[in-house]
Amino acid sequence: MLKSLKSRRLILKRLVTLLLSLFFSYLIFSASRNVTSSNKLNNHASERTAVESSAFNWIEKRQHQVRSENLMNRLSAYFLPFLSRSSHKERVLLRQLGNNEIAKSDKCRYIFEVLYKIDPDWDNAQTAKFYNVDGVDNTLASLLGERLRSYDYCFLSGQLDPTAIFANSTVNPHDLQNRMFPFLKKINEESKTVMWPIITDMTTGEAVPAPEVDMESSNFNGNFWSNWNRLSKGRGFVLTIAEKDVPLFLKQLKVMEFSKNELPFQIVSTGNELSAESIAKISETAKETEQRVYLVDCSTVLDTNFANTYISFFQNKWVATLFNTFEEYILLDADVVPFVGSDYFFDSPSYRESGILLFKDRVMENEQTFQYCIEMLNEVEPSAQERRFIGSRLVFDSSLPFSSETSEEASVYYNFFKKLRLHHVDSGLVVVNKLEKLNGLLMSFMLNLDGKLQRCVYGDKEIFWLGQLYAGQDYSINPVDGSIIGPVNEEPENDDGHKSGMYYICSTQIAHSDSKNRLLWVNGGLKTCKISNSAEDDFGREPEYFKSRYGDISKLKRIYDASLNVEGLIVPDVSVHPWMQIKECSNYMYCAYATGDGHTNSELDEGRLITFTEKELRYINDISRTWNAN
């Protein structure tokens, strides 16, 4: 009996020894794996480190802390978790995260739980304020980029449902959405109504019913962007217009009728931009021109206080980019005139490849942004920790060498970030696949709301490509510089009697063409001067200048009110002949120059003059007359 008892004790002792050996081996193996993972991170030493309040910075420190704990702490976490600073479950999660062995759902849940743990009061609305302290403004911008990319990684591109991921979590998915996108209407799990704009058919005056959804309203609202994108259908034109833009939009509708357009229009508003009188005028013209026009009132999906405080002027365009119901659309300013059908833009190879097509602005080399803006934007790039944990990558970033000659997009990036050139994109017409580019559009909206970044760019123009860039998306920019159309003039003969060979066009319009010299669209309407009362204002401002050239106000007014006479197009080489701004049309008129052997369509050494066939000129000027018809 005694021998049997001793034998059992010996077996039990050996079993305990074996279990402890296995446990220690596991700890050593785990530590070695984590060291390997840490070494991988150190390979990216040239990349920036996450800011102190970053969720990824906290997670990395937590991993280091767990790895450095002594054996007793590890045993305590396993056998006596209530005495440990970290649970065994968290230790396993951190190890899996470091070795990229974790399920995305668990990773995403942990990332956002950490976000709330670091700062229970975090809110992206903080970026809309300008603190005028670089450390504060830049840190908020950095956190904004990190949070939006994390949200995209998990719930937009990642296609996880936040209402399911956070079902048993300390994070409330509705609260997360409220803080991530402060412009959205504040919702909670008790919401009984599906978030949807009020849409009115302006030709009939009837409301368009909201679609039926196959889920509870709280679930729909708690994963709003994925559900919104899922219900977006078809193609169309999208605008946001103020009262002053209504006469221009009516002209645009008449041009669309002339061009036999068949796509619908959606005018997207925050709720109160248009008067009843303006709505009636649009409705009447829509019926006359047989164009389908819808008014999309977003007051039901926007936070009223935030919208009234921060959404104005250029920010309204982002409301239009996000809250139209199309899958693909062409975003237009009211004074844009297309000369090709919508299929041209949607079938463009560069658009089909990237999902968004932008066009270049005039090249103005003497207008620049600020170095402090570049320093701020560099902080928006993914940190080394973010790259490690969720794999964020950008097409271009400040830590990688690249050639500005590889693409138009690379050239624009180089000229903005290295040369500080301010103007690159004309956002009067943008072609967008919303299903593919939603995360970039959300990034753009939030960047354009940023209190500091608003001081770095002109309006919304550059934010279109910057938003896609920092969302990790690609984008396409038409390679032809912004140009000018109008009557072609030749400089006087030289002193020796020979022709100067220099041609110029002066007008207020920005024209856009393709690599085959085809005129695509114009920004600025087709009136010689679109600025109301400009003749009177010009004479009042510079009486001697305008009297010496035009005699009196009535003559200048007749010139300004005339239809633009199009004879040709010039794409200037600004390194030889920069754009010249002149005093006409309240300083809105520019002149561009090109030299060459007569009116040819060849690419000239010093700028390019494009002339049109008789058929092309007839069509272009018919559109000009249509635009200017009463």
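For all residues, glycine too, the Cβ spot is worked out from N, Cα and C.
Among the features that Swiss-Prot reports, N-linked glycosylation site is placed at Asn34 (among others), with the record citing sequence analysis.
All chains included, 7 other C-beta atoms sit within 10 angstroms of the C-beta of Asn168 (N-linked glycosylation site). Secondary structure from DSSP puts Asn168 (N-linked glycosylation site) in coil. As annotated by Swiss-Prot, N-linked glycosylation site applies to Asn168 (among others).
Residues annotated as topological domain 'Cytoplasmic' in Swiss-Prot: 1-14. For the topological domain 'Cytoplasmic' (1-14), the mean pLDDT of the prediction comes to 56.
Swiss-Prot lists 32-630 with the feature topological domain 'Lumenal'.
Taken from Swiss-Prot, the feature transmembrane segment covers 15-31, and the record attributes it to sequence analysis.
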